Amino acid sequence: MFDLTGMTALVTGASGGIGSEIAKALAAQGARLAVSGSNAGKLEAFRAELGGDHVALACNLSDGAAVDALVPSAVEALGKVDILVNNAGVTRDNLAMRMKDEEWDTVIRVNLEAAFRLMRAAARPMMKARFGRIVSITSVVGTTGNPGQANYAASKAGLVGMSKAMAQELASRGITVNCVAPGFIRSAMTDVLPEAQKTALLTKIPAGDLGDGADIGAAVVYLASREAGYVTGQTLHVNGGMAMI
Amino acid sequence: MSETADRVKKIVVEHLGVEAEKVTEDASFIDDLGADSLDIVELVMAFEEEFGVEIPDDAAEKITTVKDAITYIDENQG
């Protein structure tokens with residue numbers, strides 16, 4: 001089950017906390033990867049850590065032309081792209097009343113527009129191949145909202161709606177389009193939270209613990225697998241029961 | 001038969017998986033060749049690639065038969 005041998009995947013934001021776990025999970029199931037990230041040095045180090053014959057493709061997702069070139073580069077390097085994982089995301093938190101235009105624009109451009117450009121580019125070869133798996137990493141806050149994150153919540157909710165639209169457009173061609181919505185995942189960001197805040201957070205999570213990047217990796221592997229071919233337009237929430245939607 | 005017509009028909013046969021003899025110039029992509037809207041998008045993109053022409057959406061909407069495609073390409077190829 002969930003064997004990805006012979007399949008290829010493009011993963012954005014692959015050198016980050018969750019992204020690296022997604023990449024490791026896909027590689028462990030046998031997929032060959034093109035890992036992408038904005039920091040070429042960090043990305044190359046991660047590619048080396050992965051081992052195997054994976055490739056690193058640095059890309060600045062706020063640059064539309066660079067984004068449009070990423071899928072063709074991945075096809076050139078891997079021969080095809082069966083799986084696209086839109087994982088890269090940025091935050092520019094601020095209360096809406098104080099939010100600057102650039103803070104809004106940056107988050108929408110990287111989290112939503114870049115994902116659209118990659119999906120549009122990947123859909124074409126996937127249509128020809130009559131097979132494809134697109135998985136976008138959204139967030140629990142795209143559904144629940146979160147003060148200080150109007151831009152981020154909008155971008156993540158946008159990914160869900162966009163995925164549902166494209167799922168309907170592409171279903172007849174064997175292409176599925178889904179989302180994975182992490183809750184609170186252990187990361188550099190949550191490590192630095194004060195103990196009191198952590199305790200308060202945990203009272204809202206029935207599972208009583210933060211999630212791990214590997215929990216997200218496993219969800220992505222499932223949606224990327226051949227076995228999940230009848231699942232499309234869905235959002236798989238991975239949040240320890242924090243929000244049940 | 002023109003060279004354009006040959007190449008157009010070849011693309012249609014490949015993309016729609018229909019028999020070559022069904023692809024007459026009067027054949028409608030949707031009514032006669034069983035294409036759906038996604039097939040039309042694929043065909044238009046394939047024509048653009050093959051002939052190096054750009055087929056904007058308003059022109060693509062008017063291309064309903066094999067002959068429409070051949071005529072558009074012949075008239076707009078640079």
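Including glycine, each Cβ sits where the backbone N, Cα and C put it.
Here is what TrEMBL says about this protein:
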type	residues	note
ACT_SITE	A:Tyr152	active site, proton acceptor
BINDING	A:Asn87, A:Tyr152, A:Ala153, A:Ala154, A:Ser155, A:Lys156, A:Ile185	NADP(+) binding site
DOMAIN	A:7-188	domain 'Ketoreductase'
Ranking the binding-site residues A:Ala153, A:Ala154, A:Ile185 by other Cβ atoms within 10 Å, which is at the bottom?
A:Ala154
Taking every residue in the domain 'Ketoreductase' (A:7-188), what is their average pLDDT?
96
Any idea what DSSP makes of A:Ile185 (NADP(+) binding site), helix, strand or coil?
strand
Across all the protein chains here, work out how many other Cβ atoms are within 10 Å of the Cβ of A:Lys156 (NADP(+) binding site).
26
In terms of DSSP three-state secondary structure, what is the assignment for A:Ser155 (NADP(+) binding site)?
helix
Cα-Cα distance, maximum over A:Asn87, A:Tyr152, A:Ala153, A:Ala154, A:Ser155, A:Lys156, A:Ile185, record's NADP(+) binders, Å:
20
